[in-house]
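Written below as structure tokens is the structure these notes are about.
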């Protein structure tokens, strides 16, 4: 209930007012302008002259915006929740007293009805009126044919009926478009309301409940389930409208043909359940396809986020095969679904024919005197045509109801899931401590074991507290308990004042660097500058393309780990909170930067010296400067006290410090006396100017200088080359066969009606009735044969279309995947992964499902329109005079509309991404948002991005209505002229020709509308094919395998030689490595050091050919690495990267994705990494499922799994990109000793971020600005008083 209480109105205020934008004039225009959408013409005109932009569009009506929709709906939902709580209490009493168990689960339906009932009733009223008008047209046509049969010279009544017909179809058009407008906007309001509720719930969800949902599943609730609810709402009226239309049609047909109509009804009754079965089967297949699609996208997402590992380990082909296997299963499902759709196509096209054949056949049999007149035939055919859509839609809607029921259930389960209990943390208490625990125990999962046990501690205000302990001892959980993120089992938690939180893995928003730091606060320039200086960010700003206005990509893709952590720290400091919870923020930065941060910010003389600071750390050097130390062990506080107190009284603590000091040749703690003014002055100057100007990873230099790569919105018309690419993938033979079958089936449809027309005209002229009766069976047989052949062609058409579309799906997906995996690593560093994922989801969905459907429908409509014009012109040649001006107006309207609509749709497509991105970003950073107390601001921000998306949706809906009214008006004019001309020619045409002309004219109204709509859909969606194909044009990395292959067992000695090597990231940038020459010996251990940005990482990138050299060469055991394929090179090298990347799957698949090793070998490496006991304690052992990103392991455990993975790949060369920042000293020890022991006979290159790790190397390579400064043994370098000696002295390492 906590989520639904409080100040709901403040949640929905705008963050950014709309200002002077074009407010929608819809509410204030005259009636005529409102029903014809003439007020929108101004926008269509602007769109024709230039590509539309956001500022050109009309704003939403206030009643349609999330700022009014969400609070109204939430009010009703709260009532429903209260009812449920009351019912739950009553249920409990009944269970206790009467042993009865009844529980009222909150339902979304009732609150939705209460909120939107008046709109839904209005929509239903418009629908029923339009349906009734639809039946007026066949009745007026009947009267006209009757006049033509009985009073051919009666012009007056003929013209009267023609004009009446025009006004009926015109009224139907206006009402239908009004219905569509209100229907679509009501449906999207319902989606908006539900999305707002999901977002708010995601911010209050308890962690125990959150663990039941992956980020993808919650995003799916917002994108898929809320969308499903919207789609059903837009079609819900068909549930009553379809049966209503069927009953009306049957009643009218009974009047025409008597009891024989029952034969037609029997055919319908036979077709409906078969259609329902097919729909159910297709739904089941769709679920299966979505499941495969989810698996494929999940795997792809992990591959792209871990692309560095795939490339460095040469695992791309193995993972490509995994993706292709899932894709094949998905395509098989699409094939089955396509073949089933063949039947749906058959029924949609042939139902009118089957019903008319059965009805007319029985009509003759019932009474030998029965004769088919033009009146009966064409009135019946018009009614059969009306029947077609409700019969086709009804099973689909019933199926959609079942599907939406599942979505509703999922939404209700999520919205009713448990919230965080704000009462777990007591914020009003007496005492002067900032944080207090009294006998408190906590757990993460609802039925899980306690993670923190019996905590009792009091933290005084203004103190600096260090929390230390081994990997998995509960340090991060300790901070989460203070934040109220864990479920409290017993005891008391006390916390006073505002909180700022820095998580272990920094959470960065996709926004400017300044906005990341301000985090919604107003800019106070002097304090802001002070924060930047304290967090060592000023030198970074000088290197960023746009200073602090530089856009940071999603997940901080374009800044380094250290920069992310310092931005996160700056955000916390700028908030000026009372309590600072810092989860190991110094682990991701270099030693020098860490000292600066501690001195200027966290330590006793730092900017936060008056605040309460709780610091989780593995750096034991900091402990002497803290007021209190808490040592965690297996979820308990094992020791607590000041540094000196613990050293003197606690033997095991003193031992821990001793081990750390001796084995790591560590910096002397005395040198970190922060009170020393000399050190302070020196540190300030030398760090600011030397170290920090070249900050750790220097990732904004060279290749990462991107400003935010937002999704580009295409402009202009469709390129024919794009459609040609699709047709090539579709295969030409299937395309020509498709066109031939569609031509055939349309020609046969016309032939059927012409045959009926000829038949009825003969009936009117017949003198010998006996002779006519003998020929009727023959004529009925011909009619049946024409229908049968048409049915066969429909089946053939659907079959070849399925074959072609599957061919295109396979080819385009394979090309896309292959192109993406061959992109150089720089591409992934400088482009958001979301853009690539979008190609594999949204764009491929259009290729798989939509594009061929749009092409087919457009082709059908084109043939339909041509056929109609030919039929009417053959009946009334004068009609050609009208067709020319009507055609001109038609194409003018189409040209105007397509330019605007295409751009609105493109903008709408791009506006959907920010909604999903903001939601995903919120889910990842929810703990930080809650800690800072910024839930309200984020809810308002969500409403802002949803509002923007709705503006495009609203303008798109209105543009469609604008087009439909005008095109249908042209169709109405065609009906009027067709009717007038047949009256005008009077005696010269038969009544059957009159019937044929008007029947076709009535049909053309929908065909014209569909024709333009589908042409626009093709243009808009062709962008997806263009985007799928765009990766083919991008620069690729060198071939994976070349004709020259290294010998088996290469490299066997591990000698690496750089010869005058130069490298640059781009041709327009300076050299990253400049004339580098050095040689290692076999089995030599080489440490690579240098100021940040000196070229250490570049050296590794060149060794693995992530960056190709511009001059010189690298030789490994006698082979120039540029002459062999990338996979022959990378597959024979080994690396432990800095970031521990795990994939979802089992422990086994993470250790050995290629399945090359036995279980025994896996257990051996786990034992070497001290993980054997942990894995054996898991229920499924090696088959234990690791969650997305390895979230169910601590960061230290992930690092050890990565070490185990490397131990399996025994090669002669190992690159160690120092990766021990996230582990405690004991684990660090273990990693270092394991590497020394297991790789004793290998050449090891260690990129050192902390100098003490390379002091025992055989030789040290010192880099600066891409050049080698020094290369010798550590002893010689220290004696030589050069750059290395200076760095060691600055770091304070004892020699």
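The backbone N, Cα and C atoms fix where each Cβ goes, glycine too.
Here the structure is a predicted model, which means the values were calculated and not measured.
TrEMBL lists 123-403 (among others) with the feature domain 'ABC transmembrane type-1'.
Predicted-model confidence for the domain 'ABC transporter' (435-659) is 84, expressed as mean pLDDT. Taken from TrEMBL, the feature domain 'ABC transporter' applies to 435-659 (among others).
Marked as domain 'ABC transmembrane type-1' by TrEMBL: 736-1010 (among others).
TrEMBL lists 1056-1290 (among others) with the feature domain 'ABC transporter'.
If you look up TrEMBL, you'll see 119-139 (among others) marked as transmembrane segment. Taking Cβ pairs closer than 8 Å, the transmembrane segment (119-139) reaches residues 113, 165, 168-169, 171-172, 175-176, 178-179, 182-183, 186, 189, 237, 240-241, 244-245, 248-249, 252, 379, 382-383, 386, 1002 in its own chain, all 6 or more past its ends.
According to TrEMBL, the transmembrane segment annotation covers 159-179 (among others). Here the transmembrane segment (159-179) has long-range neighbours at 35-37, 123, 126-127, 129-130, 133-134, 136-137, 140-141, 143-144, 147, 961, 964-965, 968-969, 971-973, 975-976, 979-980, 983, 998, 1002, 1005, meaning same-chain residues at least 6 beyond its ends whose C-beta is under 8 angstroms from one of its own.
Annotated transmembrane segment per TrEMBL: 236-254 (among others), in sequence order.
Annotation source TrEMBL lists transmembrane segment at 260-278 (among others).
Summarising the annotation, TrEMBL assigns transmembrane segment to 343-366 (among others). Outside the transmembrane segment (343-366), and at least 6 residues removed from its termini, the chain residues within Cβ reach (under 8 Å) are 253, 257-264, 266-268, 271, 274-275, 278-279, 282, 372, 380-381, 384-385, 387-388, 391-392, 745, 749, 752, 776-777, 780, 783-784, 787, 790-791, 794-795, 797-798.
Here TrEMBL flags 734-755 (among others) as transmembrane segment.
Per TrEMBL, transmembrane segment is recorded for 780-801 (among others). Listed as Cβ neighbours of the transmembrane segment (780-801) (distance under 8 Å, sequence separation of 6 or more from its ends, same chain) are residues 338-339, 341-342, 345-346, 349-350, 353-354, 357, 360-361, 364, 734, 737-738, 741-742, 744-745, 748-749, 751-752, 755-756, 759, 852, 856.
Using a Cβ-Cβ cut-off under 8 Å and counting only residues 6 or more beyond its ends in the same chain, the transmembrane segment (878-898) has close neighbours at 44-45, 47-48, 869, 872, 959, 962-963, 966-967, 970, 973-974, 977-978, 981, 984-985, 1008, 1012, 1015-1016, 1019. Sequence annotations record features per position, and here TrEMBL assigns transmembrane segment to 878-898 (among others).
Here TrEMBL flags 969-989 (among others) as transmembrane segment.
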Within the same chain, the residues 6 or more beyond the ends of the transmembrane segment (236-254) and with Cβ under 8 Å of it are 123-124, 127-128, 131-132, 134-135, 138-139, 183, 261, 264-265, 268, 359, 379-380, 383-384, 386-387, 390-391, 393-394, 397-398, 401
